[in-house]
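*Asks:* This is the structure I want to talk about, given as structure tokens.
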Amino acid sequence: MTRLSAAFSKPHPALVAFITAGDGDTAANLDALVAGGADVIELGMPFTDPMADGPAIQEANIRSLNAGTKTADIFALASTFRKRHPDTPLVLMGYANPMTIRGGDWFASECNKAGVDGVICVDIPPEEDPELGPALRNAGIDLIRLATPTTDAARLPTVLNGASGFLYYVSVAGITGLQVAAQTSIDEAVARLKAHTDLPIAVGFGVRTPEQAANIARVADGVVVGSAIVEIVAQHGANAAGPVRDYVASLKQAIVAARKV
Amino acid sequence: MTITERTPNSFRNQPDERGHFGQFGGRYVAETLMPLVLDLEREYRAAQQDPAFAAQFDDLLEHYVGRPSPLYYAERLTEEVRKNAPAGKGAQIWFKRDELNHTGAHKINNCIGQILLAIRMGKTRIIAETGAGQHGVATATVCARFGLPCFIYMGAKDIERQQPNVFRMRLLGAEVIPVTSGAGTLKDAMNEGLRDWVANVHDTFYIIGTAAGPHPYPELVRDFQSVIGKEARAQMLSRINRLPDLLVAAIGGGSNAIGLFHPFLDDKDVAMLGIEAAGHGLNAEHAASLAGGRPGVLHGNKTYLLQDDDGQIAEAHSISAGLDYPGIGPEHSWLKEIGRVRYDSVTDTEALAAFQLLCRTEGIIPALEPAHAIAAVEREAKKMDRDQIILANLCGRGDKDIFTVAEALGTTI
């Protein structure tokens, strides 16, 4: 069983927590996510042009790049994380150009060496899969695809073909961190996706409060929280680990409680 | 507009069915946008088969834009260049006068085509990005003409240096939205345009200004701009019964260049030269993606980009805001790789000199974008025989640039 499938086989839905690599004390913040109870870690790779992200993650990318973060630093963060936390799955999330600039095979091989479990690439849709998909699959790295409110039933099989790890349902047509989807639309979407796939469904975009996380946890296999954590890092800078851990713990508590109701 | 003939072994058969020009192009967009991009392609294919669409496009180009634009022999410029050329050298210089279009540049050709597609698709809200403001003005113009609300994303820094165009867009009823992320220039405006589109997928059409972005944009922008080359080819044949020896055009994203080049790509005796902006020089800040970049993925397509070893995108620089972009349309990347088109660059200083040369010799104030092409024309003409012909695209007029040029020349106006 892979680390990712183990994380989605727990008795409660998985809390998937995102931070941007190189923004603040990333190693300490990663530890704080685990200490707070995150079941899956998404580590964002900063990019100069994050066109699917809202202001919070855009600014985190700029802070990270201005601090001099290189791709090699991100893999170093992943490697050391893996040594400290042998069982917590780590997923890299980012944009096509930093992932493919040295070739998909190079990237997949680095992921493998660093103990990365999966990759989410925002701007490589199934239609451009040859750019990265085969390299990741050959290296045993899960390629996590995104489904959105615009992904209709006719298109869904295309998205699922070659997807593994889990399916990330982007609950709003929009950018990260701003809008929140209506719970009824999330319920319907998760039911629709589950009719097409056995992959775990994690739901994200705009999730901020423990109440929202709990509502999603009642229907989905995972809840993704990103911008809200990144904002805590922005607010507390190098001393964000404590507040990050407390916030993540509050989300986790709500998620665990949600399924007991 | 007519449908491009598809013949084997043609340079005009690109892109393939997946939107790739060789290894370039493609559809590198977020999943939210992917269904829209596929819809747009379906609708464009239907429009290509619909004589009514072509008729409306042609009619608007003739009666609203003022096409065909003239083909002009620049006799005094030719003579001026010959003065400094070796004996027997100094090719004849001809211009395709797209600066005489309504709104003052070639950008309007594409905007007419795209707004007709938007209306066909039932979209009720138009967005666009702009750098210098020419594409923003052209988009605001067609939105006013068809009564659609228009939102233009423009870098905060560009808004500051292009106030006349900002005012024009507002007069035309558009809302100009300042973009403060990144360096506040064209690249950031395009990011923000994509963010708007992803959040307003159901009612919004994104009118992209150059032959770049996810498929089918590079193809359809090229097709709409190909009116330039089709007219020029026919005009050359009817005026002097021969084709030019060399085509020259400036390249930012590359829409005016691909519009001129594409109809000539299978004329094997016609050479082509695309001119990138070398800014302060290729060893300093510039905007020459082919000369100084390498292939990568940005804004929905794979193409040559200015970037570092990690794939982080660099800021471009050119005195011409319209060339100030770190990428280039994917078809140019392909044409460079297969060697059908030659690419070279011209600095800010060379472009400024050519700008003034055209003002004085021909009584034409060009935009800074084609001033780059004119500098290259001067360079090439001196190497070519007197009976040879260069045709350059005069893709925009310089009214918008007089403040920039005055500042560069140390004059206050």
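Placement of Cβ uses the backbone N, Cα and C atoms for every residue, glycine included.
Not my notes, these are from TrEMBL:
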- A:Glu42: active site, proton acceptor (ACT_SITE)
- A:Asp53: active site, proton acceptor (ACT_SITE)
*Asks:* Around A:Asp53 (active site, proton acceptor), how many other CB atoms lie within 10 A of its CB?
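*Replies:* Within a 10 Å radius of the Cβ of A:Asp53 (active site, proton acceptor) lie 27 other Cβ atoms.
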*Asks:* Between A:Glu42 (active site, proton acceptor) and A:Asp53 (active site, proton acceptor), find the distance joining the two CA atoms and give it rounded to the nearest Å.
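*Replies:* Cα-Cα, rounded: 15 Å.
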*Asks:* With every protein chain in view, how many other Cβ atoms are within 10 Å of the Cβ of A:Glu42 (active site, proton acceptor)?
*Replies:* 27
*Asks:* Helix, strand or coil: which one is A:Asp53 (active site, proton acceptor) in, per DSSP?
*Replies:* coil
